[in-house]
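Residues or ranges marked as Zn(2+) 2 binding site in Swiss-Prot (evidence: sequence analysis): 171, 174, 193, 196. For 232-246, the entry in Swiss-Prot reads compositional bias 'Basic and acidic residues'. Residues or ranges marked as domain 'J' by Swiss-Prot on the basis of sequence analysis: 5-70. Marked as repeat 'CXXCXGXG motif' by Swiss-Prot: 154-161, 171-178, 193-200, 207-214.
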């Protein structure tokens, strides 16, 4: 995925001072720092992006190279042309012929620079949208309509940034060339004009609607197809649905992040579903059937005699078929044996009679209790010794 513009990452314009860049970096770094967002992978990536942008823009030489050649000027492996158009470089990396012509141009009298403001194209920023889904929709798949905050071209100024009836003025610093020459020792280096950002022109009478930005905030409506089997954390990429590019650049992408809401009955674990099934004490002891919910409707679960609390029964094929993989998951039902409450006098008498019959049989009806009591007895005897 193409890198975002470093100025955009820090939220500053291309004419920002060193102090403004440093202040923006501190604000963004604090916002996305991993210590403040534990376990948030998206914030961790944004923090790395902010740190990388600051390392370049806080260094005068790196910033000059970046302003002139884009990402290729500070990272040859980034690919793409030095002008930011995505072309102009051979397979071996960026073409540095412009660098040498700029450096030696004044020394050997080649004169005049490239002339004329240049309009560097910028790819639009990627957008992220969190979409909440019910478990049923996540499992079966669905189509959702979403409204995404974005920026669109200002209809008042047609993207120029200037008030109707006015035009951008020639930059007084570079005289419309878009470049300025900086003397470094014996060399004269040509670099992007810091005042106009290489455009050669400046908006002096800004459009009141967009305040000279050429773009305004808006919301766009999209229909998103959700494949069956998605889970929390899955991302769906919509190519070209991000922020529009600047100066003819391509648009960014939209990443829809799935977040599945908690369910009344089920908890998901990969392809399997888990649920708690309450069973009364008589059914647990004597056996029977209970009705349990599944995503396909209700089914009867057979409870064998002597079922214990937290015993798990598996209903095969009643889970989820994930996006990646062909195995249909299972539904695991954990038994919760309920102790009766609010007993009548007669019910208490019956339970007391029942308890008396259990004591007469030597505890064989409660193997876990008998085993536990034996262990306690041995522990006390050993402790006394």
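The backbone N, Cα and C atoms fix where each Cβ goes, glycine too.
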- Item | Count of other CB atoms lying within 10 Å of the CB belonging to residue 196 (Zn(2+) 2 binding site) | 25
- If you average pLDDT over the repeat 'CXXCXGXG motif' (193-200), what do you get? 79
- Run through the Cβ atoms and count how many others sit within 10 Å of the one on residue 174 (Zn(2+) 2 binding site). 23
- Tertiary contacts of the compositional bias 'Basic and acidic residues' (232-246), as residues 6+ beyond its ends and Cβ separation under 8 Å: 121-127, 148, 150-153, 215, 220, 222, 224, 226, 252-260, 323
- Task: Could you break down the residues of the compositional bias 'Basic and acidic residues' (232-246) into DSSP helix, strand and coil, giving a count for each?
- Result: 0 helix, 5 strand, 10 coil
- What is the three-state DSSP composition of the repeat 'CXXCXGXG motif' (154-161), stated as helix, strand and coil residue counts? 0 helix, 0 strand, 8 coil
